[in-house]
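Taken from TrEMBL as is:
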type     : residues  : note
TRANSMEM : A:34-56   : transmembrane segment
DOMAIN   : A:105-305 : domain 'ABC transmembrane type-1'
TRANSMEM : A:107-133 : transmembrane segment
TRANSMEM : A:145-164 : transmembrane segment
TRANSMEM : A:176-197 : transmembrane segment
TRANSMEM : A:228-250 : transmembrane segment
TRANSMEM : A:284-308 : transmembrane segment
Amino acid sequence: MSDHQAEIETRRTPGRLARAWDSDLAYSFRHAPVAMVSAAVVLILVLSALLAPWIAPYDPFDPGSLNLMNGFTPPGQPNAFTQETFVLGTDDQGRDVFSTILFGMRISLFVGFSAVLLAMVIGVVLGLLAGYLGGWVESVIMRVADIQLTFPAILVAMLIFGIAKGITPPAYRDQMAIWVLILAIGLSDWVQFARVVRGATLVEKSRDYVQAARLVGRRPFSIMIRHILPNVLNPVLVIATISLALAIIAEATLSFLGVGAPPTKPSLGTLIRIGQGFMFSGEWWILLFPALTLLALALSINLLGDWLRDALNPRLR
Amino acid sequence: MLAYIIRRVAQSILVLLVTGFVAFSMFSFVGDPVENMLGQERTQADVDRLREQLGLDQPFVVQYGKFLQQAAQGNFGLSYRQGRPVSDILAERLPATLELAAVSGLLALMGGIGFGIFTAIRRRGVGANVIMTLSLVGVSLPTFLIGILLIYVFSVELGWLPSFGRGDVVEIGGWTTGFLTASGLKALVLPAITLGLYQMTLIMRLVRTEMLEVLRMDYIRFARARGLRERAINFRHALKNTLVPVITITGLQLGSIIAFAIITETVFQWPGVGLLFINAIQFVDIPVMAAYLMMISVMFVGINLIVDLLYFAIDPRLRIDGKAGGH
């Protein structure tokens with residue numbers, strides 16, 4: 001009998017996927033060609049970065065597979081000495097540019113995602129605490145946020161990177177560089193999350209359901225996490241998407257400036273830094289392809305974020 | 001209003017105290033400069049002598065007190081890397097950055113207001129649409145890529161402008177200027193555009209939005225009804241009222257121009273304080289990092305404070321309300 005009932009249930013309510021397809025968000029997505037193209041580009045780039053070890057024709061970090069004779073091979077043409085062909089050419093050490101881009105994008109995306117996650121966790125927790133508890137907790141948190149906002153995020157990230165680099169012993173600096181980057185970008189970006197979450201929490205706090213939860217005797221922390229958090233997540237998602245593009249650009253900028261991912265573990269920014277050196281001698285491909293990849297990645301995530309903001313909050317349009 | 005000013009000044013002092021503490025903590029927690037300055041072949045006597053010379057043998061509290069006292073006088077000790085007083089190095093590098101920032105700021109302001117008015121008045125024109133689309137791409141392009149692109153087009157391909165450095169400079173009473181020589185001016189073009197472009201798009205979009213908002217107001221409609229010419233309406237009546245937010249944002253952007261100069265200076269090897277800061281991070285040169293941090297925070301805090309106070313001076317409505325500084 002329960003089987004029968006379950007069958008009726010499933011027939012009446014369409015599956016999760018179908019319901020997602022019918023939702024407002026999906027509807028707006030299907031009617032925004034820019035969002036669809038951007039999503040496709042992001043998907044392709046993220047997938048190829050994830051699958052880099054399997055897709056990449058060469059392993060750019062395996063010194064055994066490198067042949068210096070292959071250095072400076074132009075894209076799509078056979079090398080003068082070895083007759084090997086590389087889709088996007090090779091750099092000075094004979095590393096396949098296509099492979100280094102795939103692996104570089106992996107590092108860029110990893111740093112970007114982790115940094116935004118860090119910023120989000122810090123920002124949401126502090127924002128909830130400030131909004132719900134109020135009083136001196138709020139004053140301290142928001143004052144710190146104000147002070148940090150006086151300085152541009154990229155400057156804060158550079159400073160944190162510099163300090164963290166100083167603390168790490170020289171032998172571990174290259175190894176730790178990626179984590180230091182994540183920390184630097186994450187810490188430079190939490191303020192936005194905290195401000196938005198605090199504002200939303202202040203609104204939610206006065207709602208009846210929160211009063212009810214209080215009356216029932218739920219403790220403040222469980223009210224914050226179980227009741228308020230789910231209701232303030234929408235704007236957090238939007239900021240996270242836009243922050244992701246900014247974080248990827250910040251990472252690329254820091255690595256380009258030489259205060260980010262080291263040449264032994266190059267991200268897209270490091271690759272552009274390396275490529276810039278060959279711009280004057282005519283090896284344009286070492287610079288151009290990483291730069292285009294970075295541009296495609298940042299632009300499509302940005303456009304996706306813009307769409308998400310409009311779709312989730314029609315009032316902002 | 002007085003209460004507001006006092007609150008604002010107090011906040012500025014707080015920011016400076018906090019950054020001062022951060023700058024000092026960098027000295028006490030980060031690395032051992034002696035390790036960095038002396039090579040492999042060093043004796044214990046060398047180490048001790050250098051520690052004493054740098055004042056690193058003193059206790060924490062003594063060092064902190066000394067730091068505060070010295071910092072107030074603009075003295076940040078010797079650079080770990082160059083072994084020269086940091087204040088000398090900064091003073092020598094500062095003119096390059098300030099000239100670059102001033103030119104880019106001016107460029108951003110003029111270009112931003114000009115294009116902003118243009119795109120607002122000819123809202124549906126082809127030109128306005130092209131500019132708006134370009135500005136979207138411009139915002140998404142990282143600064144350093146814009147710089148590289150400009151170098152590629154104008155230095156590598158066309159060979160018109162230099163790709164690095166400041167050209168010839170003239171020294172006038174301790175201030176080196178690139179404004180007076182042809183090569184100095186040529187060298188300034190690409191970095192200034194690179195640095196100003198992002199701020200220009202920001203100002204342009206702001207002016208456009210504000211302008212469209214104002215053009216919808218009743219008093220503009222009334223001016224039209226009075227038969228005033230388009231030119232007079234657009235510039236004398238509309239533009240004037242868009243300028244308050246524009247001045248605020250431009251003022252605040254001055255700070256980020258100085259910060260983003262770090263990127264531009266690295267791309268063009270421009271010998272300013274930004275490049276100095278990046279090199280300091282790479283070599284963990286703490287005194288230079290700390291001094292740069294203090295210098296830039298004084299600038300930022302000063303600019304923010306002035307902008308906030310200007311707000312009152314420019315907009316009479318805020319003065320009458322008194323406490324309604326809720327922007």
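Placement of Cβ uses the backbone N, Cα and C atoms for every residue, glycine included.
Contact count against the transmembrane segment (A:176-197) (Cβ pairs under 8 Å) is highest for A:107-133, out of A:107-133, A:228-250, A:284-308. If one looks beyond the transmembrane segment (A:34-56) by at least 6 residues along the same chain, the residues whose Cβ comes under 8 Å of a Cβ in the stretch are 96, 98-99, 102-103, 105-106, 108-109, 293, 296-297, 299-301, 303-304, 307-308. Within its own chain, the transmembrane segment (A:107-133) has Cβ neighbours under 8 Å at 45-46, 49, 141-142, 145, 178, 181-183, 185-202, 205, 220, 223-225, 228-229, 232, 236, 240, 243-244, 247-248, 250-252, 261, 265-269, 294, 297, counting only residues six or more beyond its boundaries.
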